[in-house]
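Here is the structure we will look at, set down as structure tokens.
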Amino acid sequence: MAGNTGAPLLLRLVAASVSVAEKAGTIVRDVFNSGELGVVEKGGKNDLQTQADRSAQECIVQSLSRQFPKVTIIGEEEPTDEVVDESHLETGLSEEVLKAVCPQDLQAVKDEDVVVWVDPLDGTKEYTEGFLDHVTVLIGVAVNGKAVAGVINQPYYNYKAGPGATLGRTMWGIVGLGAFGVERLVPPADKRIVTTTRSHSNKLVTESIEAMQPDEVLRVGGAGHKVLLVIEGKAHAYVFATPGCKKWDTCAPEAILHALGGKLTDIHGNALQYHRDVKHPNTGGVLATYSDHDWYLGRMPESVKAAVKP
């Protein structure tokens, strides 16, 4: 097994994921800078795939599977038969992660207990349209069906700071340990801000948002980006009352939010499940908050809950 063999599997896996996510973020920027995005429609104009999605997934899945061959890894993009580009592989391990103390309940985790959920480029539509701050690389680690660790890379963090600015940041978290590389900030106390989808809205989404009586609604791309808005105090809640997003969209952000003391469930209050054989869509929608989770659950219209089944 790669790296510091004295460290528990979970720490080694997160340490590898931090290095891999940073490499994937570099690939995302390189593809954009090349001007050759290679866009294809997977399921219509709001469900796109680019060369960055394909190359970043190859980087993540191949790098992790070579280091952790017995761990189940599920990526958003369909695997291809193309020869692996060795330049996309990353073998490094984050020293910061390896120095951490693994929570007691996660120290004996075995390979077969783990599923890694990968979204190589969350916010693809926004990426193609130049809304680069919406883009994230997501690597979520689930143990026995529960999201316990996550790594998020923002390839374009700080990109509005002008020429010469250092781009990108990577954050990671483990439930029971905390989150690093991101700071928990408190949202404004004098108004309610809700974030939701930019490109996948419908009647159910609209009704549920209106029921929250927000003062402001942030319609942005990427589930990872929306959970970060909650973590960093730019929104009080992420409300998405429709089955649009998938397990690879929520596993990493959920783990980091939970590591900081927040909560992510479906709109009925049920915990999301991340077993290897679970259905990929989050059929019950998503509700993410740092506080007052039950208040938002209580405001969800019964008609919406009846239409959006877990």
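Every residue, even glycine, has its Cβ placed from backbone N, Cα and C.
These numbers come from a predicted model, not from an experiment.
What TrEMBL records for GLU76, ASP119, LEU121, ASP122, ASP249 is Mg(2+) binding site. What TrEMBL records for 1-16 is signal peptide.
Taking each Cβ in turn and tallying the other Cβ atoms within 10 Å, the top scorer among the binding-site residues GLU76, ASP122 is ASP122. The most densely surrounded of the binding-site residues ASP119, ASP249 is ASP119 (count of other Cβ atoms within 10 A of its Cβ).
Taking all protein chains in view, 30 other C-beta atoms sit within 10 angstroms of the C-beta of LEU121 (Mg(2+) binding site).
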